[in-house]
Each structure stands twice: as C-alpha cells, then as structure tokens.
Amino acid sequence: MTQPLAERVKLLEERLGVVFPRAELALTALTHKSWVNEHRGEGFQDNERLEFLGDAVVNLAVGHRLMERFPQMREGELTPLRARIVNEEGLSRIARRLALGELLLLGRGEELSGGRDKNSLLANALEAIFAALYLEAGLAPVMGLVDRHFAEALDGVAQALSRLDYKTKLQETAQEQLKVTPRYQCISEAGPDHEKVFEVQVSLGPDVYARATGRSKKEAEQNAAHAALKWLARGEKPEPPDSPTDSGPKEDRPG
C-alpha cells in the first residue's frame, strides 16, 4: 500500500478510535466502484460487498442497544425505532461528522459530480467500514463504535419517546391534580384483521375525558391520553361524550 493510501487508513482509525488489523480491508471500505473502474489491474476492490454485510452489522449493533435501552418494547415497536436511526440520512450525517467524504477513493467522474458529499456514498462507506471492523475484530469493537458515534441518535430516539408517552404524563398529572388513576376502555374495533381501527376512551374518576382511535390499542390509548391532557391543561372537564354505538367495552384496565 502506498503512503498516501496508508495515510487515509490512519486518518480513518484516528477518527473512529479503532485500529484495523489489516489496513487493506479498511481501504476497501473507502473504495468506490468508480475508482476501481479507472484503476483496473492495480488490485483494488470496491466496497459494495462490505456495504452489503455492513447493513446487517449496523442493524444488529443498533438493534442490540435499542433492546437494552427499551427492555419492555416488542419487536413491532423496536423495528421502526431502529429504522429512524439506520437509514441513509442518519448514516450520512454520522459519516459527515467523521469527515469520511475526504477519505473516499473516487473516480474522476464521481469526484466531479460531488460524490464526496452524496448521502448514498457516505452511508454505504460507513456501513462498509462497520463490516470491515466486524470481519477483522468481531462484534465488540463494533458495539464500541455504535456507543461513540450513534449515541446522539440513540438519545434522540429516547427523548422523542419520552415526549410522546402521553399515558405516563396523564397518569402523573391525574394523580397530582385529581388523585385518581386513568382507566382505559376499548369501546370498539372496526376493519379487517390487518387494518383494524380501535376506539378507546379514558376516564378519570367517574368522568370520561376523551375518546380516540388508533391502528392498535396502544396507539389509541396514547391518543386518548393526549386529548385528556389538553383538558387538564385548560383546567376544564369535558362534556360527557355521546354513548358509543358499540354494545359495550371490550376492555377495562388501569393505565
């Protein structure tokens, strides 16, 4: 490996806070196919195979951390959270913070078209880097990379969830203001199994404070809690809602 190429790997290691046992594999992670096309016969390989593996490695590592942070969440709740972090925009943002663009090996055409700042190239290169480290050193250093460079994204998801947890906020507010615990009733279900819509009402003491719908009971409960919080914030009590058309509540349980 020539000195300029070795210097790229050294800079990459410094920015990531890791050491690659084989610099050649790290360099491959930085190599776009346009460079290989212009340097045929020189022994270069592009990063597409590493990017393929890296997609799975990043999803595994981020999924691991999400399971640790949110032990009560089910698969259907964790999957969209991971998708909010592991996507082209999110990965390219991390790649820019690491200034990966200046380390990429690009062909002249790709260089002239602004390839060093393309979201797709940056995201693919970051995934390829994760794959290279995984192949060389296993999962432990990959988890370290996630902890160092995905911390902001993971914290952002946690903060967003805390803002959206209206049921917890309603329980705290209702107990403080009214000395009661919210109760939720699923009063109707409509639609086929794969597209059900649930209607839920929330009561505080003897009074129904809100009704709302959602694609799941949990979503409907969150929406009802959000609506009830608005009444409490105004210091008002809602008018009793019309009687539900359903024959009766399907569920009655404390929040």
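Glycine too: its Cβ is placed from the backbone N, Cα and C atoms.
Noted in TrEMBL for the protein shown:
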ACT_SITE  D55  active site
ACT_SITE  E127  active site
BINDING   E51, N124, E127  Mg(2+) binding site
DOMAIN    9-138  domain 'RNase III'
DOMAIN    165-234  domain 'DRBM'
REGION    231-255  region 'Disordered'
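Distance between Cα atoms for E127 (active site) and E51 (Mg(2+) binding site): 5 Å, as a whole number. With DSSP classes pooled into helix, strand and coil, the tally for the domain 'DRBM' (165-234) is 33 helix, 24 strand, 13 coil. Broken down with DSSP, the domain 'RNase III' (9-138) shows 95 helix, 2 strand, 33 coil.
Remark: of the active-site residues D55, E127, the most isolated position is D55 (fewest other Cβ atoms within 10 Å of its Cβ).
In sequence order, N47, E48, E51 make up the list of same-chain residues 6 or more apart from N124 (Mg(2+) binding site) whose Cβ falls under 8 Å from its Cβ. The Mg(2+) site is defined by E51, N124, E127, and by the 8 Å test on Cβ atoms against their centroid, the other residues of the chain that qualify are N47, E48, L50, F52, G54, D55, A123, A125, L126, A128, A131.
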